[in-house]
Amino acid sequence: MEVFSPRITSSSSKIRKSPKEKFNSFNWLYKTTLTIGIAIAPIRMKSSHGNTLVKMWYLGLFVFKTITLIIAFTYVFRMLPGYAVNFSYYFFDSFSYIMMVTFMVKRRQIFSATKTITYLSHRISPGTFVGSKTIKYEIFLLVGSTAIILAIFITFFFYQEWDIYLVVIHPVFNITEKTYTWIVVFSVVSIHTLSFITCFVAVLLCYSSYLAAGGLLRVYAETIRGLKDRISIIQNLELLQEISNSVKKIDAALRSCVFFLFGTVVGTFFAAITVLFSDNYRLQTPVARIYVVLTLVGGLIIILALTSGGETVSEGRQLLKIALLESNKLIAGRSPDVVSPFILLADSIRNVNLEVTGCEMFAINKRLVLTIVGMIITYSFLLFQLNGESLNNRG
């Protein structure tokens, strides 16, 4: 691993012009977001005709999502059994739609933050991989999970519940009942599937960004382990400011998306547990049970992925402090012109606030898992108690 030096600084302009794009996960994520109609990276087609087609694709998908969301929200309360299922549907799709709009509004900020952190990582350590090294497998998992979820939705809505929908959905236009019902059910399935994809992509983007931020702190910690001279200390002091700003840019770009992600997951968790304890016959089928189990497992994976990614930032900060202590032994006893900038660097590292948050309301780290799991266990226990009392009263 190469460490920071004047030679690297002097060639930084060359690195900026020709970044090692194959050594980061964000290019895969840019292509994925382009596919689902959320333009994180700028559109750079070879012709104006290509740019127009891409913009039409984005606009068409946005209009399609909006129309299907309106249709679904108009009828879904008549279609799904129980308050918990309806709450889960409205809550999940509402937050996912808000998240999609947030991505669109903050796309330039997100792109700038990811590009900055990629550039800094390659500048300090050109051979390092930025982001998630398993990004290809994660995207394959996205495709496979979408296919499974879509199959479950089609089975539940178009087969298991179809006859019920023909009764509860009434046409408001001069078309046949079956055609109108098909349009409504298609809208319900489409927007829920697209909401799932949006959440999945948001998790991948946040996870890779957090790993990139944590990795940047880790490689920077390596550069300050062997500090001995005044020039390298001053250079690393300037670099610390750049790194601190890049981590804060990542947090500022993604904090609202992370907030909605956690809100979506926790709300869906509670609804899924409620459905699990439900005695409604329409929710006792294998298809419904499989979906509930997948929802719980998927929610747990999302929480673990985000918190483990956020934890790498906290670990990176701790590595900085450890590296600082090791360098302190080398600096001790040197001249004041070396010790003074080192003390300034040490104070900067101790005081810098490096963490990723959800709208600055909570820090994304492993301690958050314990809080959420505790809430879920408490809620499950209360439901179990209430169900037990209900059965005793019936007896």
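Cβ coordinates are placed from backbone N, Cα and C, and glycine is handled just like the others.
Curation plays no part in TrEMBL annotations; they are all automatic predictions.
Quick look at what TrEMBL lists:
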- 28-45: transmembrane segment (TRANSMEM)
- 57-77: transmembrane segment (TRANSMEM)
- 83-105: transmembrane segment (TRANSMEM)
- 139-159: transmembrane segment (TRANSMEM)
- 179-207: transmembrane segment (TRANSMEM)
- 258-278: transmembrane segment (TRANSMEM)
- 290-309: transmembrane segment (TRANSMEM)
- 368-386: transmembrane segment (TRANSMEM)
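Highest Cβ contact count with the transmembrane segment (258-278) among the listed stretches 28-45, 57-77, 179-207, 368-386 falls to 368-386 (criterion: pairs under 8 Å). In this chain, the transmembrane segment (368-386) does not touch the transmembrane segment (57-77); fewer than three CB pairs sit within less than 8 A of each other, excluding pairs fewer than 6 residues apart. Highest Cβ contact count with the transmembrane segment (179-207) among the listed stretches 28-45, 83-105, 139-159, 290-309 falls to 139-159 (criterion: pairs under 8 Å). Sequence-remote contacts of a segment are chain residues at least 6 beyond its ends whose Cβ falls under 8 Å from one of its Cβ atoms, and for the transmembrane segment (28-45) they are 51, 53-55, 57-58, 60-62, 65, 100, 103-104, 107, 110-111, 114, 135-136, 139, 142, 194, 197-198, 201, 204-205, 208. Tertiary proximity for the transmembrane segment (83-105) is limited to same-chain residues at least six positions away from its ends with a CB under 8 Å from its CB atoms, namely 33, 38-40, 62, 65, 69, 72-73, 76-77, 191-192, 194-196, 198-199, 202, 256-257, 260-261, 263-264, 267-268, 271-272, 274-275, 278, 283.
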